[in-house]
């Protein structure tokens with residue numbers, strides 16, 4: 001089976017300032033379809049840089065990135081943008097909803113961008129918001145929503161085009177524990193439906209939800225292993241967070 | 001298609017979220033465009049009234065005078081659509097308030113003519129029931145100071161006096177305005193003219209031809225010359241009439257162009273600032289769009305569409321409003337479409353260009369949405385370190401730091417203030433130049449304040465009289481003749497004044513030297529351009545059949561006749577043209593009032609002398625002063641609007657810092673001082689740069705403009721240091737007053753330390 005995402009000796013060096021700062025130093029990572037990978041590490045370990053590079057938001061210094069069996073690190077900024085429409089969904093720490101647009105418009109935007117007709121986009125939005133329990137907030141502005149609700153909208157937006165991989169950068173970093181639980185529950189549900197997820201977090205309890213934990217330190221992978229967990233039929237339905 | 005839909009949603013949402021700001025942008029652009037259109041059209045109409053009059057009167061393009069009623073079919077000439085007349089016209093003299101003016105009395109029927117009909121401005125047209133009625137051309141009527149109902153005494157060639165009554169005052173595009181175009185024009189019924197001047201041999205016949213193509217006037221007039229041969233007295237076309245009606249057209253043309261450019265720059269600045277500010281405020285949203293899959297080009301296009309359509313909507317509204325305003329003032333047929341279309345097209349282009357830059361910058365936003373929008377460079381600027389070194393209060397240091405941490409907005413603020421300030425300085429320079437014309441007329445060739453013609457007196461007697469007056473410093477006998485230049489169809493003016501060697505008139509020579517002996521001459525820039533001559537050249541002219549060969553030894557500042565004037569000493573002219581002198585130019589003693597001297601001379605000569613004040617070119621350019629004031633107001637408003645945008649942006653950037661500063665213990669007053677120092681430094685810099693650039697280019701610009709208008713370089717004056725200081729102080733003061741408004745609000749507001 002071809003991996004959804006593969007990196008080969010991926011390196012990122014920031015050279016804006018006087019001294020070049022290496023953020024990612026030779027990461028080899030392979031993500032299989034349907035996997036839920038958590039990337040952990042302390043502040044400044046390069047986790048956000050890594051996930052930004054995986055989505056083409058930041059350019060790599062050297063190394064390769066493969067997405068769905070296609071080499072993508074050589075793509076131009078515009079080609080990356082076109083690729084992101086169909087294959088990559090992003091969830092950010094600060095939600096990054098377009099403040100002027102209603103919840104419904106925020107969720108429909110990626111679908112419209114990918115070429116769906118307004119009718120299709122509306123149907124998809126209705127089913128997504130329905131699944132996330134946000135149907136009645138469709139006409140609200142993002143500013144009127146709580147943090148958890150905003151992140152759920154962001155998740156709906158990221159999933160609007162059924163991307164090959166969902167990239168989440170500290171999705172719970174700005175939420176209280178109750179909202180964290182809600183969002184994680186949703187992520188877990190999405191994962192059960194077969195969605196590939198790469199999530200960056202510095203919270204061990206959040207990372208515990210994933211199938212696989214990759215630890216990053218000073219831009220290098222120091223540990224990569226499956227989380228041994230008793231998998232029951234109801235796994236993910238009850239998440240015990242204390 | 002898909003991006004259009006997605007982009008459309010985004011634009012709609014963004015516009016909905018900031019209705020007020022969008023409306024303000026549209027209104028600002030609309031205001032500038034409307035002002036431009038109204039100003040250009042009204043000014044054009046004011047300075048070039050011919051086009052309006054021609055349209056109103058359904059005028060004729062070619063006019064010719066014959067001894068008898070023309071016998072050939074001039075209406076059959078190719079391109080002629082209508083023939084006006086022939087009307088009989090008799091030379092008479094009008095005696096009004098002791099003045100006598102030669103007048104051409106024209107016979108016209110009471111029924112309005114189809115072509116070239118005088119349009120009654122006051123009173124009524126001629127009526128057969130009132131045989132003693134006369135209608136007077138408007139400029140002639142105002143020169144004679146006659147009103148409707150006033151008696152109008154004409155003296156026929158036979159010497160017989162007839163008293164008519166003014167029934168109406170009418171406009172005509174048939175000839176130029178009185179007194180530039182003489183004789184004056186008045187219309188009577190044919191029967192009345194027969195009574196006043198029964199001798200057909202003493203009158204001439206006037207015929208007008210209306211053409212399908214105005215450009216064919218020259219060819220048609222040549223055909224007329226050939227067909228009528230020795231019957232023809234003279235012929236002229238609409239071009240001569242228009243030229244006679246025009247007021248310093250080239251000077252005003254360049255002024256209009258300057259006004260237009262300023263308006264365009266202002267519109268561009270206002271839009272670029274509004275769009276740029278909005279883009280800066282939206283960087284996070286733009287990054288989000290990119291993370292969703294918008295490409296760089298699509299984001300740029302999105303922004304260009306949104307802000308560009310606002311600008312274009314403003315242009316459209318402004319065009320409609322400006323058009324409506326001018327139509328309301330002038331009437332629909334009188335608004336020239338060309339300038340309006342030019343303005344619309346150029347503002348539309350400028351709008352797109354002005355919006356293009358911020359759109360392009362928005363397109364280059366990095367797609368990482370977490371990228372902070374706070375100042376990226378936190379270290380102290382050199383200026384701030386200096387402030388620290390001299391132990392300024394903390395608010396000043398912080399403000400100094402804030403001013404330059406974000407270089408692009410700082411540059412935009414400085415630029416947005418420097419451009420209006422530069423334009424204001426140039427406007428003040430034009431003002432100073434006009435003032436200089438008035439206070440030092442001798443520097444523009446008007447050393448003499450009065451021109452005296454002998455009138456009823458003997459020339460020698462007149463000269464004795466003027467030399468005796470205590471207010472007169474010097475008397476220069478002079479004459480003005482027309483000369484034909486080789487290879488030129490039209491004649492040029494030769495002004496002979498004073499002696500060549502001794503008693504030479506002090507012309508303001510700016511290049512070369514003044515003539516020192518007979519046979520030498522000085523000329524204005526317009527003449528050099530016309531003849532393609534340069535200083536040191538010898539030119540051969542013909543004055544009334546006799547040759548005049550002079551060497552041009554200098555260039556003068558020449559405000560008259562587009563500078564196409566050759567000045568010589570009186571002794572350079574042949575005696576037949578120079579003796580007796582046609583007039584005496586009087587230079588007055590400093591402090592002598594020309595009006596007083598004129599009154600004294602008139603009294604001493606028993607109204608025998610004809611004394612005229614020299615018209616200062618600045619008096620004719622009063623309209624420029626109105627334009628300058630309007631310009632300065634518009635520019636000040638734009639500069640302040642730019643500053644407000646910049647302040648709002650700065651506040652957005654600093655909202656977080658302000659909370660921290662307050663937490664650190666700065667009082668609201670200190671916070672305000674910090675903010676005002678930040679914008680104040682930029683204001684001072686912008687105003688200083690603008691003033692400096694304006695002062696350095698103003699003299700050159702005016703001289704360049706003087707050169708093209710024939711007056712010649714050497715008239716430009718920079719504004720006085722006092723005016724400049726006042727302008728700078730006023731600009732900085734107004735800017736600081738504006739900057740204080742948002743600063744005060746920010747200092748008082750409770751700024752929570754919130755998450756971004």
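Note: Cβ is positioned from N, Cα and C throughout, glycine not excepted.
Here the domain 'ABC3 transporter permease C-terminal' (B:258-357) has, by DSSP, the following mix of helix, strand and coil residues: 93 helix, 0 strand, 7 coil. Annotation comment: TrEMBL describes B:258-357 (among others) as domain 'ABC3 transporter permease C-terminal'.
Under the heading domain 'ABC3 transporter permease C-terminal', TrEMBL lists B:630-750 (among others).
Summarising the annotation, TrEMBL assigns transmembrane segment to B:21-43 (among others).
The transmembrane segment feature in TrEMBL is assigned to B:251-274 (among others).
According to TrEMBL, the transmembrane segment annotation covers B:340-360 (among others). Remote same-chain residues near the transmembrane segment (B:340-360) are listed as 29, 32-33, 36-37, 40-41, 260, 264, 267-269, 271-272, 275-276, 278-279, 300-304, 307-308, 311-312, 314-315, 318-319, 322-323 (criterion: CB distance under 8 Å, separation of at least six residues from the stretch ends).
The annotation transmembrane segment is assigned in TrEMBL to B:410-434 (among others). Long-range neighbours of the transmembrane segment (B:410-434) within the same chain, counting only residues 6 or more positions beyond its ends whose Cβ lies under 8 Å from a Cβ of the stretch, are 258, 262, 265-266, 269, 272-273, 276, 403-404, 618, 621, 624-625, 628, 631-632, 635-636, 638-639, 642-643, 645-646, 679, 682-683, 685-687, 689-691, 693-695, 697-699, 701-702, 715-720, 723-724, 727, 731, 735.
For B:623-651 (among others), the entry in TrEMBL reads transmembrane segment.
For the transmembrane segment (B:672-702), the residues of the chain that approach it from at least six positions outside its boundaries are 383, 393, 395-396, 398-400, 402-403, 410, 413-426, 428-430, 433, 643, 646-647, 650-651, 654, 661, 666, 715-719, 724, 727-728, 731-732, 735-736, 739-740, 742-744, 746-747, judged by C-beta separation under 8 angstroms. Look at TrEMBL and you will find B:672-702 (among others) tagged as transmembrane segment.
If one looks beyond the transmembrane segment (B:722-741) by at least 6 residues along the same chain, the residues whose Cβ comes under 8 Å of a Cβ in the stretch are 417, 421, 424-425, 428, 432, 636, 639-640, 643-644, 647, 672, 675-676, 679-680, 683-684, 687-688, 691, 695. Per TrEMBL, the feature transmembrane segment maps to B:722-741 (among others).
In the predicted model, residues of the domain 'ABC3 transporter permease C-terminal' (B:258-357) average a pLDDT of 82.
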